[in-house]
Structure formats: C-alpha cells, structure tokens
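Notes follow the structure.
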Amino acid sequence: MNASAVTSTKTNRPRIGASDECDMKSDTGELFRDGTLPPILVRASAGTGKTYRLTARLLQILIQGGAPETILATTFTRKAAGEILDRVLVTLAKASTDAGELAKLRQQVGIETLPHSICLQLLHRLVANIHRLRICTLDSLFTQLARSFPFELALPPAWRLTDEIEEEWLKERAVDAVIAHLDPGELTTVLSMLGKGDIKRSIARELLNVVGNAYTVQRQCKPDVWSKLVAPKLPEQAALTQAAGMLRTAQAKGKQIPQKLESVAGIIERGEFDLLSDDTLIHNIAKARRTKQVVKFGQAKMPEGVDPYLDVLYDAVRSVTLAKLASQNVATSDILSAYDYQISQLKESLRVLSFDDVAIRLASTFSSLDRSTLSRRMDGAIDHVLLDEFQDTSPAQWQVLRPLALRVTETDESTESDASVSEDEPVAKSFFCVGDTKQAIYGWRGGVAEIFEAVADEIPNVRQSEQNASFRSSQVVLNTVNDVFQNLHRHSLTDDAGLSDPAEKSMHEAKAIVRFSKSFPSHVSMRPDLSGYVRFETSPKVEGDKQERSRACFQLAAQRIAELNQRMPHAKIAVLTRVNATVGRMIFELEQLGVDVSQEGGNPLTDSPAVELVLSALMLAEHPGDRRWWFHLHQSPLGQIDGMSPTWVREYIQESGLAQCVQCLAGVLAPICDARDTLRLRQLTQLALQYEPNATSRLRDFVRMVGEKRVERPQAAPVRVMTVHKSKGLEFDAVFLPEIDGSLAKQSPMCVADVPHLGQPPVAMSRYISNKSWHFLSGQWQRAFGGHVAGEITEALCLLYVAMTRAKQALYLITPPAKDDTKSPAGLIHQSLGCETSMREGDELLYESGDPEWTTK
Ligand SMILES: Nc1ncnc2c1ncn2[C@@H]1O[C@H](COP(=O)(O)OP(=O)(O)OP(=O)(O)O)[C@@H](O)[C@H]1O
C-alpha cells in the first residue's frame, strides 16, 4: 500500500490520496485510484449495514479531501440522517485518539497508512463546517433546492411548508369548493360516473377518495392521460339486428341454451348491453376466443353457425363497457382538474406548499436546466452524491436527483468546465447509491422500486454489488427468512404462474410471487454467536367475527411479551402491525397485563384525559351553547375555576394567546395528574406554542389538530408497538407479528397507471375495473392492470420481509386458525416452511426453531 497524506495547495484541506500505481481496497470492497471513487450501486439486504457502507463512503470522500459543501447524502428519515452524521463524527473522534479505532477506520476506508493527525484535522474541519455538509432527507433537500430556485419554481414570496395535517384540511376545503362550484346536474352526472352507477351517500367522501388515490400520480403526467383508454365503436345497427335474429332462431338442443339465446336477442334489440358486462356467456365467449376453443354455456356447446353473431354480441358489450369506463375516466379527469384549480388557489392564498408540490415543481424545472446553472444556483457544485434507501424514491424525486447524479458521473467536458472545479486539482466526483428492492414498501406514497433498476441503466459505468450478510439477525431468524421467501412456490397461489393469459389477475399475482422467490438471495448471519428463536403458532380458536379472532392473537402476543419482558426487562421488543388502527388495540392488551409500552411515532395527545379536559374548555369557548363541554368540565378542577365560562376562556386567549391559556388550564389540572398526564399537558402547551403563529380564528381547528397529530413520548419503552412501515430501518431483540392473517392483495385499487418506461411518469391512466372484465381491455391495458396487481403483491411480500428482518434474535408469528392454503402472509409462511401441523386448529405450535430460552447479547 502506497498511500500518502497530502495537503491540497489550493484549498489547504487535509487530503489522503492513493498513488497512481496502487489501487486501495476497503472492507466494503470499493476500489479507488488517485482520488476517484467508482460510481457504485449497492443492493443491500436487510441488516447488512447500508448505513455503515454509506458512512464508509462519506469518510473516504472526506479523507480524500472532498469539501463538506460538495457532498450530498440523502436518506429516508431525519433520524437516519442524524445517525449518519453522528457516526462520521464519532468515528473520526475515536480514530483521532484510539489506535484500535484507527485500525478499524483504516480497514473501513481502505487506507492502511491513515494517521491519527488527519482524523483530528478532519474532525476540526468538519465541526467548523458542519452546516455545509448536506446529510438530509429528500424532503429537506428539495426544500433547500426550492429556496435556491424561487423564480423558476414560481414560488409565492415568504412561502412555507404544510404538514400532513394541514394538507388534509386543505384537501377537504378544496373538495368542498369543487362541490360548491358544480351545478346540481353536473354533480349527479359526475358522481354517477365516478361511482360506477351508484350515487354515493357522501359526495365529499367519494371525491376525497378519488383525489387521495389519483391526484399525486396524475400531476406528473400529461393532461391527456385520462383520455387514452378509448372504447371501440358499437357494431353497425344492421349487424346487431341480424345477430339478434340469428341467435333467436338458432337450432339449439335442450332448454338452457335456447332460453339464453332468446334472452340475449332481446337485450340486443333493446340495446341494453351493459346488462351483459358481467354475464357468464360473455365471459365464455372471451375465453373461447383466447383459448381458440368452442363457446360453451353450462356444459353444452353453442349450436353451430352462431359464432359470428356471438362475436357481434361480444363486440357490442365490450364497446358499451369500455365506453362507460372511458366516461368515468373523463369524469375523474374533470374532477381532478377542478380540484387542482381549487387547491392551487387555496395554497397560493395561504402561500403554502406541500413536499409533493415542491418535488413536482423541481422535477419539471430541473429537467430543463443546464448543469452549470444548476451548480451556480445551488451555492456551489455537488461533487459527491450518496443516496440511501433508494428503492423508495418516486419518479418525481428521481427526476430532480438525476441531473445531480449525471453531473457527478459523466466525464464530458461540460462538467469539467464548471466554475467551481479548480483546474490544478483532480476532479474528484463520486456517486453511491444503496437500497433494497425487497424493502420497497412505499408504493402508495409514490416510491417505485423499479427506479433502482433504472439507475443501473442511466448512470454511466456504474458498478453494481450485492450484500447479503446480516450484521443484525441471528442465523436462526435468517434461516426462517430464507426458507419462507425461497419456497414461496409451495403455495397454491403460484399455481397459475404458468398461464399465459394476461386477462387473468391470478397469473399476474402468481408470477409476482415466483419472481420474488426466485430472485431472493440467501441471507447469512455475521453474528454466529447470537442465539435465536422462531415460533409460529395459532391463537386459541374463538367464536365470533374477524375482530374477535384478531383479538385472540393480540392477547396471546401480549401474554408472551409479558413473560419475555419479565424474563429480560432490557430486551427490546416490538409488535409490528399491518395497519395503524390495530396499534391502539395491541397497546390496550399489553397495558391490561401491566406491560410498559410505547407507540413509535406516538399517539395523539388525546390519549390523556387531562388533555381532553383542556380541549373541552376550548370547545366550550367556541360553542357556549353546547352542554357537552360544560358537562365534561363540571366534575373537574377546571369547572371549579373562579368565573369559568366561555367568555372567560375567550378573553384569556384574546389577551394572552392560546398557548398561555392552555398553560394556565394545564396548571390547574397539574395537582391531580400522574407523571404521564403531566407530560402530555406539557406537550400540549408546546403544541399550542408551535400552532400559534399560524393559528386560524377557529379554536376547533386547534382541537382537531391535537386530535390528529401524533406526539411521541420522549423515551421509548422496552416494548414498542408500531406499523411495519414505521419499523423501517429499526431493529429489535424480539419481534412479534400478530397480524399476518389479512389478505395478501389489497382491496381493488381506484385507478391504474400505465408506466411503460421505468421511473418515468405514467403515459395513461384509467379507473379500475374488476378482473371479470379485463378480457374487454386491450393488451396494453391488460398489462397495465396486471402490472398494478403484481406491484401490490410484491409490496405485500416486501412488507412481510421488512417485518421479519427487524428481528435480531427472536421472531414470534401468531395467526388465528385458518385454512392451510389461505391467501395471507400466514398461509404463505405455513406452506413455505412446510409445516406439517395444520393451521385449522387453535393453540397449535406450527413451527419452532432455535432456543426458546434465548437471551440477549
Ligand atoms: N460492518 C459492520 N460491522 C459490524 N456491525 C455492523 C456493520 N454494518 C452494520 N452493522 C450493524 O448491523 C446492524 C444493521 O445495520 P444497518 O441498520 O446499517 O443495516 P441496514 O442495511 O440499513 O438494514 P435495513 O435495511 O434492514 O434497515 C446495526 O446494528 C449496525 O450497527
């Protein structure tokens, strides 16, 4: 190794470089020569140290003299960004003084001669320039970028970002405005089109649903995306009349077929084709055409000679069905345009933007900016791009990142002539991207795992590497993970994978499962010393509905957790649920057993009765005539305040502000509060302080915000409950999955997008139709619908993978009794693991591996 420490003459910063003759190899396997780090894309399985790898790259750049302001590292959460920065600083600090730590750092960055002194110099330099180092979330990067391009992005002066709650309110207000601007005739027509023929009970709810499902996706598309699905023409009237006559008079045996033909002939004559959209005969015609067989009805074949007339019938039904879908698409497009107008007006008047708004404006601006303008306007060039959790990047986000990524990977002259690059210094630029397509669980927020694949195509000379050795999980846990995901083909769900009929939803589902399974790499543990345990069991059999059955799972999980918590009070235990709604139910079961439990991401403050009292006082001021609030306050110390009345509260707020008033009311309640309520009241006052600068005149807006905003306890309890989505990036000694019984596929989507080019916006969009009607669709649309379904199944598998791989040592899987081949995660696990005991009975141990008496390391 011939590495030497040098100091860059121009910038006077510490720098370590490799000689021309010698490559250096770090323990991450990256080679670099003379200050050049190769562009690299790492496919890293769960627990294999993405953060470690990214931190190593960051340190390599810094040690080679990369200036902090030229580095951009993005990750998924603010917490992860903080962890990366901490690791860089702590690593350098330790390596400055400790020989052992220096040896580790040398190994990590691949520089055997790295001295203490350089680490110390770097540390000083970094601390002095910490504000210049961009380690942030994409949201935060985009906000910074937006501030550099206010005119191009047409941003209103003094704009601010909305949060999720405000965004929901604005959405509701915009939908109300859309409804108010439709005349009653338009409203009925639009709703009947949107709701597929039914006039929905709640107009606003239906519109909110449409907006929630389609608005974000369609914003990135061309305006005509909703008109791409075109219905074929109805057959000529003469052909229809002839078909009706021929079908009616066809010589058919038996009773069933003549009756059917008579009935369809009548429908043809009356032109009521939509009655046949879901008809078995129509399905059979479609199937016979696809399989090149004769048309059957029941067991019998259709009489000879009617085929051409059945074709006319089929074409007519197809035309009418697709025309209806096309008109629903137009109605959806109209509603979304009206909504876009209203929400844009509203946001402009309030001078607010959401993260999505910023990303979309940036995406369209960045695609037309040249690279040197980009560098100049961003307060200097970014020479090093490091992207974490890349699988969850959305197409719009990639459009913003792409020019930055291309700038640091292209070696053409335009990039070399950037003003910010000094001529006597080697151009040190680098690109690093890490992610795991098996963990792509944010499809619903616009994340598209395929973008990961697109990077491999778009970034010139990018090297690809894969890492599957986990520093997190025990081999026992990983063996189960390997067995589950590599044996998914054992489930009957994959039986249709051999089909070649794109009109069959089950084929797309089956193919997605087989694809996932075939590309699943074997995971190995780097911690052979770690004891581990996996247990898969059914909960007791209970009478009752689904709610009761899942309650039995939660109770069993709570019981096992209470035992574990008693045996190992310091073990970190997590219960991961599929949906938010069940988090509270699980917490309830644990609290019943006296387990100290907290919720990741927090609960709304309304989980405290003391907070509820303060909110009642505010509601009383807003609605003096409503006795409910009086009644609530009456028995509490707030009811005893001298002169307490709606006027008293209103005047207090007018004179001293909302936060002061909340603090005063909290002070009155303090003597009767336990530690938990006291903390929640303090958090309520803080929330009021944050809310005050942008407060509306209506107190109920504050009350509603408190009811919706999640506020975390400052310190997590040893047992935590959260959704799988929230658990991303986290790890626990033991993980409980008590909600693996739900269907793998989500409910039918509201709309489907046709995305022929990876990572690009959709070229066409349509409302969804049920699988029974897919045969009416063109090949292009069948692929789009199938692709959507496959994407959802893949996401469900990703969700299970993320959940199982959060476990360091132990994994507990609990399901209610069910059929063995049930189409749920539990069914997949049961079949993949080859469990011999059936899932049908309660209290059954289905699978066990490792040491039930495992202990934490
Ligand atoms: N090279 C390494 N040597 C020792 N421990 C490591 C190494 N890399 C990572 N670890 C440890 O392994 C665990 C998992 O690392 P990390 O969280 O970075 O994984 P990850 O790839 O981001 O996982 P996931 O994608 O599942 O969130 C952490 O406890 C981390 O400290």
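Glycine is treated like the rest: Cβ placed from N, Cα and C.
Database features (TrEMBL):
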- 23-474: domain 'UvrD-like helicase ATP-binding' (DOMAIN)
- ALA44, SER45, ALA46, GLY47, THR48, GLY49, LYS50, THR51: ATP binding site (BINDING)
- 511-729: domain 'UvrD-like helicase C-terminal' (DOMAIN)
Near ATP: residues not in ALA44, SER45, ALA46, GLY47, THR48, GLY49, LYS50, THR51 with Cβ within 8 Å of the site Cβ centroid are TYR52, ARG53, ASP436, GLN467, SER470, PHE471, ARG472
Simplified to three states, DSSP reports GLY49 (ATP binding site) as coil
Cβ proximity for THR48 (ATP binding site), under 8 A, sequence spacing 6+, ordered by residue number, returns GLN467, ASN468, ALA469, SER470, PHE471
Long-range Cβ list for GLY49 (ATP binding site), cut-off under 8 Å, min separation 6+ in sequence, same chain only, gives GLN467, PHE471
Near ligand 1 by the Cβ criterion (under 6 Å), the binding-site residues from SER45, ALA46, THR48, LYS50, THR51 are ALA46, THR48, LYS50, THR51
Around the Cβ of ALA46 (ATP binding site), other Cβ atoms within 10 Å, all chains included, total 24
Min neighbour Cβ count (10 Å) across binding-site residues SER45, THR51 flags THR51
Ordered by sequence, the long-range same-chain Cβ contacts of LYS50 (ATP binding site) under 8 Å (at least 6 apart) are VAL42, ALA44, ASP388, GLU389, VAL434, GLY435, ASP436
Restricted to the domain 'UvrD-like helicase ATP-binding' (23-474), the mean pLDDT of the model is 83
